[in-house]
Ligand SMILES: *Cc1c(COP(=O)(O)O)cnc(C)c1O
């Protein structure tokens, strides 16, 4: 059987060469006579994977010296609670910018533990856009301002990150980390579940500025404490070793293919192909996101009727393109075209869209 074009939002498509590499060393990892997943995490082989993955995250993103990179478990959803628990003291609070379902969930979870303030929201416009900087009303002295860099469900993305003065940003970058370059130093903390753009599910990358590791409350669960994980180089307990190994292979693949400069170019090329097809369809396809907020990772669009949308997804599947059904809160279709989606995949989708319109227009 041939491989399909997988447009799922997450877990998502992985680079074929990475899967083949993992396959080739599945039974005997670099002369150990066993798989990585059978090996102890207290061996020099596993420590080498752990430290190479950490070094590659730093190198590819240009992470400054005063940050730590951690590999944790529990997904981005666990970070919704861990961030406020670690970073906000009893007499303080944090600001949240609402740009979609995940940002809302982050704020709701945080509000169980701390006071939160909504600094901006585009909910009333059904999250079709990212707020402008002049719409963001930062409260007095928040511990951080939280934003979601790419809104997986609605298909919008911050084109650049706002300068909000002294306050640190915290970013949920689950669906666009490693898709483009940005200035890490604007952020106190960045987190991302791996299963969209970094590898398989099971590991979450956290990048945290070192000063934030000081003064973390000791009465929160050890597994949620960034200082404990940092002190133990992400080996406080058994890590998701096979997931970290896969992430490391994906990071190597990114590096070998021109790093984030080249990744950014490939991502723009794929997205432009699809957005142009939407824009040139005389209104047959309608994008959900406003043009200045469009995501290069998740492209959300509607057709003239729900019946046609269903038909589109069914026929696309028959032609080897799966995962195009949109999230129920937006409806329509969604093409997730993360780093590992090939140009061929984007071209196949565009061809299909044109043919579908001419047959059903
Ligand atoms: C998928 C996703 C999440 C949830 O991630 P889990 O790892 O399932 O907890 C959170 N935020 C964003 C932006 C996502 O795309």
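Glycine residues also receive a Cβ, built from the backbone N, Cα and C atoms like all the rest.
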Candidate from 152, 156, 218 that TrEMBL assigns to the same pyridoxal 5'-phosphate site as 76, 77, 102, 172, 195, 237, 238: 152
Sequence-distant neighbours of residue 102 (pyridoxal 5'-phosphate binding site) in its chain (C-beta under 8 A, six or more apart): 76, 148, 151, 152, 153, 172, 174
For pyridoxal 5'-phosphate, whose listed binding residues are 76, 77, 102, 152, 172, 195, 237, 238, the greatest C-alpha pairwise distance in Å: 31
Those recorded positions listed as 42, 196, and which of them has the most Cβ atoms within 10 Å of its own Cβ: 196
Inter-residue C-alpha distance, residue 42 (L-glutamate binding site) and residue 195 (pyridoxal 5'-phosphate binding site) (nearest angstrom): 25
Residue among binding-site residues 76, 77, 172, 195, 237 with least C-beta crowding, 10 angstrom cut-off: 237
Distant-in-sequence Cβ neighbours of residue 238 (pyridoxal 5'-phosphate binding site), under 8 Å, six or more positions away: 41
In sequence order, those binding-site residues of 42, 237, 238 whose CB lies under 6 Å from ligand 1: none
